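As C-alpha cells, the structure follows; a few thoughts come after it.
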Amino acid sequence: MDLLGDQHFAAQQPPLFDATPSSLKEDAEELIAETIAAWDSIVSQIQTENATFLTFYSSTSPSKDLRDASTAVGRLFNDAEIELYSRQDMFERVDQVLQQQDKQVVASLDEESLYYIQKLHRRFHQNGCGIAEEGQRVTFKTKMKRLGHLVQQCNKNLNEDKSGVWLGLDELDGIPQSLISRLKQGDGENSDHLWLPTKVPFSSPAITNAKSEATRKRIYCAIQNRMEMNVPLFREIVLLRDETARLLGYADHATLKTADKMMQTPQAVEALLSEIRTAVAPLAAQDVEELLEIKRNEAESRGTTADELYFWDLAYYSARRGEAEKKISSSISEYFELNTTLAKLLSIIEHLFGTRFRRVNAAGRDEAAGSLIWHKDVQMYSVWNVDGPKEFLGTLFSATGEPPRPPTPPQSLVIPTALQGYENTDGSLFLASSALVMNYVRPTDTRPTLLSLDEVRKLFHEIGHLLHSQWTQTKYAALHHVDRDFVEAPSMMLEQFFWVEQHIKDVSFHYSHINSKMKDMWKATLVDQDETNPPEKPAQLSDDVVFNLARANQSKAIQGQLKEVFFATYDMLVHKPASRAALEALNLTELFNKTRSDVYKVRGGEALGEGWEWGHGQTVFRNILNRYDAGYYSYLLGRVFAMDIFDAGFKEKTTSREAGRRYRDMVYRVGGRQAEMKTMTDYLGHEPSTHPYLAWLQGTRIGDSGPTVAVPT
C-alpha cells in the first residue's frame, strides 16, 4: 500500500519552469525592486530566495535565448547585491544591534537569529561598509561589480564551449568502439577524421584508452588550452580580488575569505595542506614509479624505450595497472546502467534516512498548473518523511543526460537550491527545491548509458549535496547554506558507502536483466565480438568481484588527493601573494604548471622544450571561479571531516536507520544555522581528527584516535 496516497503537492506548490527571456528580466527587476523597498522601510525580511531559481536557466536550458537572458539576470542580481550590501544606512542599523550585546534587543534574540545578525554584519563589512572614506567605497563597489561580470563571462565561455580535436583513423587505436561510433565525421580536409569534443564524457574515455602517446598528448593539451579567451579574464579576476581585499583592510584575498570560514586563517589552511602533502608524498612517488614501470614494459614490448611519465600518461597507465583489475574494469560498467543505478541508490537512501522519493510522472505533473520541468527528459520527485508522521520535505529534479544543446556544463552540476528553505512568519516552513544535473552521454537505441566506477562515485557524491540542500531547515534563507569549507563533507561521507561491499553489490545490476530490449542490446555487443551463444551474465556482481572493487580504489585515492593538494596549493598561492607587486609580476600560467609538476612529481610540455606556458589549465579551473576562491582546500578538509563522520556514525553498521536519522537530524537538517565546527563536535562528540583520513590514505582503518584537525575555535 502506498503510504503517501496520490497527492504529490498537497503541502506546497513546486517551482514552475515556464520562464521566457523577457519574463526572466521582468521577474528579476521586480524582485530587486521589492527587496530595495523592503530595505527602505525595514518592515519585512529580505525576500531574495528566488535569485538562484532565476539564474538556474543559464546552465540548464536548451534555449540559447533563455540561457543568455538568465546570464543577464545574474548580472542584475550581482549588481543589486553589491548595491544593497554596501548601504551604510542598513549597515548602521545592523551594527547598532550588535553594539547592544548585553541589552534587551540582543537578549530577546534566539541563537539562530543572533548568528544570522553576526553573519549579516560581516557581509556588510566585506561589501565595503567598513571603508571609512566615501570615495574609496565607491571605488570598491565599482570594482566588485566588474569582478562579478568577469566571473560570469568566464562561466559563460565555459558553458558555451564547443572545443575538441580532430583525430585521424590511425590515432584511434585503443579508444572504445562505443565512443568512436558517437563521434562526428569530418568533411573536406577532415573527411578522414573524427571530431572528439573535449567535454569529459568524450575526452576521459579517449585519453584513458588511446594507445598512442601522441594522441593522448593532443587530447590532453586540447583540454588544457580550450579556454584561451579566459586567460586575461582570469588574471584580471585574481588582481581585482586582491585589490578589493586590500581596500577592506585585509592583507590579501585569502585572509579575507578564510576569516569567515571554519579555518579562519590562511596559515591554518597552509598547515593542513602541509600535513596532507607530507603524508601523500611517499605514496605518490611509489605510484608514479609503478606507472612508469608499466610504461617501460609496454615500450619494450614494442621495441622502443620510455624513461619518463607525463601528465597525459596518468589516466592511461592507471587503467593498465594489474591484469585482474583491468579485466574487472572492462565489464564493470555493464552492472551500472544509469537509471537503474540511480533508482537503487535512492532506495538505499530511503531506507537509511527514513524517506520516500516519489517519482512524479506526466499525470502527476498535471496536478499543478504551469511547466514543472524545464525539459522532457528531466525527472521530478516529491520527497516525504516516512519515519514517523508523514511529512512533505520538498521537491527534487534530476537531469542525468547530456543536455540537448551545443554548450556543455561541467560533468556534474548540483543546483542545490533552486528555491531555498526558510521559516514563514507564521512559523510554517517553506521547503527547498533542488536539482541535480549530470552531463552523462545520452543513451541511444542500441546502447544504454553505462557508468564507470568513477562516475558512480561521482553520482553518490552529488546526491550527497542534493540531500544536504533538500533536508536543511533554517529560520532564515540566508542560513540555508553552510560555510564553503564544510560544504563537501556530507557528500564525501556518502561516497564511503559505495566502497562498502554490501552496497556495491546491492546497487549493481547487469543491464541485460533490466528488460528484453536491454538484453537484445547486450547480445548485439557480443555479436560484434564474435561471441556465439554466450552464457547469461549474473544479475549482480559476485562476492569475489565486489571484494576486489571495495579495495581497488587505493591508487585512485592517492591520485585524487594529489589533484586536490595541487589545486588547493595553487589557489592559495594566487590569493595569498607576498605583496601586491609580487602578484602583478606573477605569471599565472607558469605558476599553474610549475606547481602541478612539483606536487605530482610528473612533467608536461616543459620536459619537451615547450616552456612553462605549454598549457593554461587555470582557465578551466571552474571551482576557483565559482565560490571556491581561496577555498579549494575545502575538498581536502571535507574528506578529513567525511572520514571522521563515517567512522563515528556508520563504520560498524552502514545500514543502521537509527544512525541515518541521527545524521539527518544533526548534520543535514542544521544547515548553516550555527557554526559548522559546533555541528561537527555535536555529532562526533569530540574535536575532528585527521586520523581516519590519514589511515584511509594508508589503506588502513584501525588505530588510536590520532591528532585533532588544526582548526581554530
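In case you wondered, yes, glycine gets a Cβ from its N, Cα and C as well.
Lifted from Swiss-Prot, the feature list:
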type     : residues               : note
BINDING  : His461, His465, His468 : Zn(2+) binding site
ACT_SITE : Glu462                 : active site
Expressed to the nearest Å, what is the distance separating Glu462 (active site) and His468 (Zn(2+) binding site) at their Cα atoms?
10
If you count the other CB atoms within 10 A of the CB of His461 (Zn(2+) binding site), including all protein chains displayed, you should get 20
Fewest neighbouring Cβ atoms within 10 Å: which of the binding-site residues His465, His468?
His465
Taking all protein chains shown into account, the Cβ-based neighbour count within 10 Å for Glu462 (active site) is 21
